[in-house]
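Some features that TrEMBL has for this protein:
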REGION    1-38  region 'Disordered'
COMPBIAS  1-13  compositional bias 'Polar residues'
TRANSMEM  43-63  transmembrane segment
DOMAIN    49-533  domain 'Major facilitator superfamily (MFS) profile'
TRANSMEM  147-166  transmembrane segment
TRANSMEM  173-192  transmembrane segment
TRANSMEM  198-221  transmembrane segment
TRANSMEM  233-253  transmembrane segment
TRANSMEM  265-286  transmembrane segment
TRANSMEM  376-396  transmembrane segment
TRANSMEM  417-435  transmembrane segment
TRANSMEM  441-467  transmembrane segment
TRANSMEM  474-497  transmembrane segment
TRANSMEM  509-528  transmembrane segment
Amino acid sequence: MASSDKSPLSIVNKSSKSKIIPTDMNTSTTKANESKKPKREPFFGKFRFCIAILLGFTTFSYTSLRMNLSMGMVCMVNSTAIHLRDNDNAESSNGKNSSFNDYAHKIHLKNLAYAEECGDREIKTNIHRNLGYQGSIEWSASEQARLFAALFYGGFITIWFSGYLADRFGPKLLIGMAVLDMSVCSLLSPVLVDLNYYAFFVARFLMGLGDGFIFPTVSSANACWAPPAERSLMFAISTLGNQIAAVVALLLGSRLCAIQFLDGWRLIFLSFGAIGMTSFTLWTIFAANSPDESSWIGLKEKQMITASLTAGGSRKSISSRRLNTGKVPWSKMARSLPLYAGIIGQVNCQFCTMVLQSYLPTYLKEYLKLSLNDNGIYSMLPFLSMIFSKIFFSIVADQLRKRNKLTDTQSVKLFQAIANIGAATSAFCMAKFVTCSNPQLAIVFLLTWGMCFGANASGFFTQLLLIAPRYSGLISSISTGFTYAVNGISPSIISAIIKHGAPSEWRTIWYILFGSNLFCAAFFILFASGKQQKWADVAELSRSETRTEDCQTD
């Protein structure tokens, strides 16, 4: 048996083996690879472009669903009644807490002085009838903050395992069920608001459960469908719905609020709930977990995507689900500074976005004293400019990498710096120079914010996909989990800061955004990387033989 196991190659001279056999093998392998290499398929007009558009419509629907409360709150709540109630409570407690009453009185005097500066007599008494605000619901600032936070409470529960489920079972089912959940909750919201405050709070919490699945599953879908050379562009398109939704939700919401039918604000929840159901239907019909599972994609495009992802180390995204069941290198991930840089980038981005989406309409109403129509226009400005800058920066980033002008690391650092430093500058200017006497300045700074902030897609978003393609869904869950933790706490902190609506309180919010962006820029520039990390490579190599056997049995 021992002699029969010997291969004829074992008796060949070693020098002959090194000179002849490997050369022949390499030559044949190279020819085979060249013959199998598919022709590059253009992006626009192909099915992966359709997938990007479909993902973009999905993110549009879910963002509009989570934002419908932002403008809805402005026209639902009777701020005049709340201020009068708070004043009555303060007067009834006079003498019990004199220091607090003194502080509140000083704030009231400052607000009157600010109103005098704005030159509007009705503003002095906080009456907004002539500005278009006719809410009837009396929710305190803390109650409003809890409603904004409820969505993040729900998302914080599901976010930790949503990425793993996306990598394990594919993103199609998870995205569909998440959008369906949020759509149904939105359609039921008008009835639940009439029922009581806590019923509506539960609906927002249930929406959050679905919201926690969205970002990791969208990231996983991009890892499955986007060739490495197109990753920035496809991710920018697939997440462009976030900015379009912000524009549409704020602009359309302000118009719907002015309608008398169903009190206006109810139409916001019903309209975006219907959009969500449309998105769910289209996603169910046309989407697929990967090119291998799609019945709509052409054979040549499928082969091209498969080959490019295999060469880029992302074969797991389009192959057997069993490829995703191996051990995760948790300890090495926990020591990865590039991973922390990406997480901080995402937390900062989502925190800033949450503040603008949730509180910018209120800021424009209470601080700049804008009418309801102007409020909708001003609120959409940063998101409108972000639509164009996001695509522009992603195309530039991909071209710079394709032409070897920048490495992946240099590219993500450059565009993240543009996003953070530009946003920090805009936030500082909003705090320092904008008042109700010169609201036109806000147009310039809000547009500048959006034009710079769109570079995030080519910064930390792209970096999180590059450092470990195998764990794209899991990493998205981790980074988004930290985001939900921060955004779940932030509304309570912000409502405490702007409790009296004083100008100095609103300026504090902008200074917080200024500091947050500067810190993010510094950390990302120091520690970010665009290279696939060693802990991702080691995990891949340690299971290479097992994966090969699994793929051969499929």
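Cβ atoms are placed via backbone N, Cα and C, with glycine included.
What you are looking at is a predicted structure, and each value in this text was computed from that prediction instead of being measured.
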Near the transmembrane segment (265-286), which residues from the same chain, at least 6 beyond its ends, have a CB less than 8 A from one of its CBs?
50, 54, 57-58, 60-62, 64-65, 68, 71-72, 75-76, 135, 172, 175-176, 179-180, 182-184, 186-187, 189-190, 249, 252-253, 256-257, 259, 296
Taking contact to mean 3 or more CB pairs closer than 8 A (sequence separation of 6 or more), are the transmembrane segment (173-192) and the transmembrane segment (43-63) in contact?
yes
When counting Cβ pairs under 8 Å to the transmembrane segment (198-221), the leader among 147-166, 376-396, 417-435:
147-166
Under 8 Å between C-beta atoms and at least six residues away from its ends: which parts of the chain pack against the transmembrane segment (43-63)?
175, 178-179, 182-183, 210-211, 214, 218, 221-222, 225-226, 230, 233-234, 237-242, 244-246, 248-249, 272, 275-276, 278-280, 282-283, 286-287, 291, 294, 296-298, 301, 305
The transmembrane segment (441-467) touching the transmembrane segment (233-253) per 3+ Cβ pairs under 8 Å rule:
yes
With a cut-off of 8 Å between Cβ atoms, can you find at least three pairs linking the transmembrane segment (441-467) to the transmembrane segment (376-396)? Only pairs 6 or more residues apart in sequence count.
yes
Using Cβ atoms and a strict cutoff of less than 8 Å, what residues sit near the transmembrane segment (376-396) while being 6 or more residues removed from its termini?
71, 232-233, 235-237, 239-240, 242-244, 246-247, 250-255, 356, 360-361, 364, 368, 370, 415, 418, 439, 442-443, 446-458
State the mean pLDDT for the domain 'Major facilitator superfamily (MFS) profile' (49-533).
81
